[in-house]
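Below: one structure, written as structure tokens.
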Amino acid sequence: MGLQSVCGGAGRWRRAVAWWGAVLVLAHLLSCGSAGLLDTNPGLAYNFYATTCPSAEATVRSITWAQVAGNQALPGQLLRLHFHDCFVKGCDASILLDNAQSEKTAPPNGSLGGYPVIDAIKAQLEKACPGVVSCADIVALAARDAVSYQFKASLWQVETGRRDGPVSLASNTGALPSPSAGFNGLLQSFAAKGLDVNDLVALSGAHTIGKASCSSVTPRLYQGNATSIDPLLDSTYAKTLMNACPNTPASTSTVDLDGATPFKFDGSYYTNLQNKRGVLASDAALTQNAAAATIVNDLTNPIKFYAAFSMSMKKMGRVDVLTLKNGQGKIRTKCNVP
């Protein structure tokens with residue numbers, strides 16, 4: 001290999017590092033700002049465990065990154081776990097409880113994963129700092145760290161200080177947005193959590209990784225025994241989805257939410273939407289409202305996507321939290337036990 005080739009490669013590498021650095025700096029700056037955040041701080045803070053468990057965040061990152069290195073599906077799983085936790089009675093780790101008729105048993109949560117990673121982190125932290133770090137904070141931090149693994153730097157900052165809730169009921173999961181929801185239904189679900197259209201579109205970008213169950217996709221492909229393709233779905237892409245999700249009752253198959261770059265956290269999800277290649281009806285719905293479609297177009301720019309996602313993750317991470325400030329919740333010693 002000649003010197004010019006080596007130097008050219010080094011130059012490209014430095015430019016790539018500088019580009020990602022700019023992305024991460026912008027994301028951090030925006031996530032630290034106040035614009036668009038929930039109006040009152042519920043008692044969370046950065047580095048909440050700085051004196052009570054100084055190694056907490058480093059421990060979460062170390063274990064999460066080690067697990068993600070061997071399982072590229074984990075970022076999507078842990079991000080979805082955090083989302084499903086926050087949308088049902090707030091970010092209180094209720095999704096982790098194993099009591100009868102718990103949230104875990106509800107159909108929307110049947111395909112969730114990542115629980116062993118949370119348990120491994122909790123076990124290590126209980127050895128280092130017994131009774132200090134909440135399961136709710138572990139879920140929030142692990143989601144961030146799993147997604148951030150590809151960048152080898154935190155994509156957004158996480159406030160901590162959440163406490164764990166005592167109640168987990170499958171009957172509460174109706175608060176989760178439906179994969180078949182139209183735009184107005186989605187907006188109402190998000191508004192109920194203090195989130196707006198910007199958050200709806202930005203957080204939907206989580207679908208740039210992860211998988212969907214075929215049962216959430218087949219209504220866009222079939223009606224009874226007949227093929228019936230949703231007009232909001234590209235016909236060529238529909239054939240790809242039909243190959244992955246045949247019209248089979250009780251199918252347990254899954255399909256990538258982003259058919260272009262399924263394991264890369266990037267802005268291709270929004271380009272997919274513009275090309276009528278969103279997998280879920282709720283994805284396609286974002287193009288059916290003028291304001292949302294404008295945001296979709298903006299977020300095809302990855303720098304804008306990362307910044308918007310960072311801001312909205314901070315907002316979601318504050319939803320109905322239990323903290324020392326509001327005198328609610330506890331610190332579980334085992335995340336699946338109240």
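Count begins at 1; order follows the chain as displayed.
Including glycine, each Cβ sits where the backbone N, Cα and C put it.
What you see is a predicted model, and the numbers here were worked out from it, not measured in a lab.
TrEMBL lists a disulfide bond between CYS53 and one candidate from CYS7, CYS91, CYS129; that candidate is CYS129.
Listed in TrEMBL as the disulfide partner of CYS245, from the options CYS214, CYS335, is CYS214. Cα distances from GLY90 (Ca(2+) 1 binding site) to the recorded positions HIS84, PRO177, ASP266 are smallest for HIS84. In sequence order, the recorded positions near CYS86 (disulfide bond) (Cα within 10 Å of its Cα) are ASP92, SER94, drawn from ASP92, SER94, CYS129, CYS245, ASP258. Cβ contacts within 10 Å of CYS86 (disulfide bond), excluding its own Cβ and spanning all protein chains shown: 30. Counting only same-chain residues six or more apart in sequence, the Cβ atoms lying under 8 angstroms from the Cβ of ASP266 (Ca(2+) 2 binding site) belong to THR208, PRO302, PHE305.
Ranked by Cα separation from CYS53 (disulfide bond), the recorded positions SER94, CYS135, PRO177, CYS214, THR261 are led by CYS135. For the Ca(2+) 2 site, the Cβ centre of THR208, ASP258, THR261, ASP266 serves as reference, and the other residues of the chain with Cβ at most 8 Å from it are ILE209, ALA260, PRO262, LYS264, PHE265, GLY267, SER268, TYR269.
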